[in-house]
Amino acid sequence: MKDERLVQRKNDHLDIVLDPRRAVTQASAGFERWRFTHCALPELNFSDITLETTFLNRQLQAPLLISSMTGGVERSRHINRHLAEAAQVLKIAMGVGSQRVAIESDAGLGLDKTLRQLAPDVPLLANLGAAQLTGRKGIDYARRAVEMIEADALIVHLNPLQEALQPGGDRDWRGRLAAIETLVRELPVPLVVKEVGAGISRTVAGQLIDAGVTVIDVAGAGGTSWAAVEGERAATEQQRSVANVFADWGIPTAEALVDIAEAWPQMPLIASGGIKNGVDAAKALRLGACMVGQAAAVLGSAGVSTEKVIDHFNVIIEQLRVACFCTGSRSLSDLKQADIRYVRDTP
């Protein structure tokens, strides 16, 4: 029965996120408040622009991550297959959705070594929630998640707001930081910690860095609001009223990124949450990210075909290249030095 409830919850989440009329939020990721200074004399050949980078010791053609979306339900099998095939073609990284259901049910449902066979040359990131980490069970779950897809790293997602609003959610978060510290010591792969759409503050980032986390994904407000999603799933008007108040809650992605990058400029950061296009991606990279992630924005394409996913990211890549060209940036290292200004008042 527990597995059935988890599977139904995953299916509910997919249905809601795929419908643009549902789970609406007014929160902004904040990138519209930043503006590049246009370079009218770039003095470079567009064809010489390179977006190559290294992430988790693998060479990528662009600093893009297919962010964690779905896992553990039958319908996610073809979604993850399309994403993995596209990641391999494009040479970009891929994170899978939570593997909790797959581990507890012993049913991979596409979250297995098939993904590594489909994407042998790119970083694959396993995924578990912080709620699954406490005690020895947490270490076992983490190892199984990594082994299941032969992952290059494990993502631990932090979602206290969603858990607080979700019927039956985990509201006891004591010991989660200690569990993360233990995983850093015990796991044979790097640990990536991310939020799921409410952002990571400078204070929490400091705690994670002190714990030994390798990468932080700020996953800020401005994209999918899981509070709004849980509001849509609510069984009672009272639950809905509580959840909907938090639809716009969180630290905007750009703000979280700048705060952490200023304090720890050498810390590898992923920017996700409301990245709508290649210009947002360029701004995120300039503001301190080493990688940029998208999830919901590509979910519709992933449900159709590998080619649709490739087409989607090729648009993002071309937009990013144009942004480089018009800031006089031949490479990502040049882009990180491009002139950018904070515009307080936006239309």
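Every residue gets a Cβ built from N, Cα and C, even glycine.
Keep in mind that what you see is a predicted model, and the values were worked out from it rather than measured.
Listed in Swiss-Prot for this protein:
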| type | residues | note |
| --- | --- | --- |
| BINDING | Arg9, Lys10, Ser98, Gln99, Arg100, Gln162 | substrate binding site |
| BINDING | Ser67, Ser68, Met69, Thr70, Ser98, Asn127, Lys194, Thr224, Gly274, Ile275, Lys276, Ala295, Ala296 | FMN binding site |
| BINDING | Glu163 | Mg(2+) binding site |
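Projection of Swiss-Prot feature records onto the structure.
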| residue | record | Cβ contacts under 8 Å, 6 or more apart |
| --- | --- | --- |
| Arg9 | substrate binding site | Gln166, Arg233 |
| Ser67 | FMN binding site | Gly95, Asp217, Ala219, Ser272, Gly293, Gln294, Ala295 |
| Gln162 | substrate binding site | Gly169, Val196, Trp226, Ala227, Val229, Glu230 |
| Lys194 | FMN binding site | Ser68, Ile155, Val156, His157, Leu158, Ile200, Ile216, Asp217, Val218, Ala219, Ile270, Ser272 |
| Gly274 | FMN binding site | Ala27, Ser28, Ala29, Gly30, Phe31, Gly220, Ala221, Gly222, Gly223, Pro252, Thr253, Asp280 |
| Lys276 | FMN binding site | Ala29, Ala297 |
| Ala296 | FMN binding site | Val17, Met69, Gly223, Thr224 |
Ser67 (FMN binding site): secondary structure state under DSSP, collapsed to three categories: coil
Integer Å distance between the CA atoms belonging to Glu163 (Mg(2+) binding site) and Arg100 (substrate binding site): 15
Lowest local Cβ density (other Cβ within 10 Å) among binding-site residues: Ser98, Gln99: Ser98
Cα separation, Ser98 (substrate binding site) to Glu163 (Mg(2+) binding site) (Å, whole number): 14
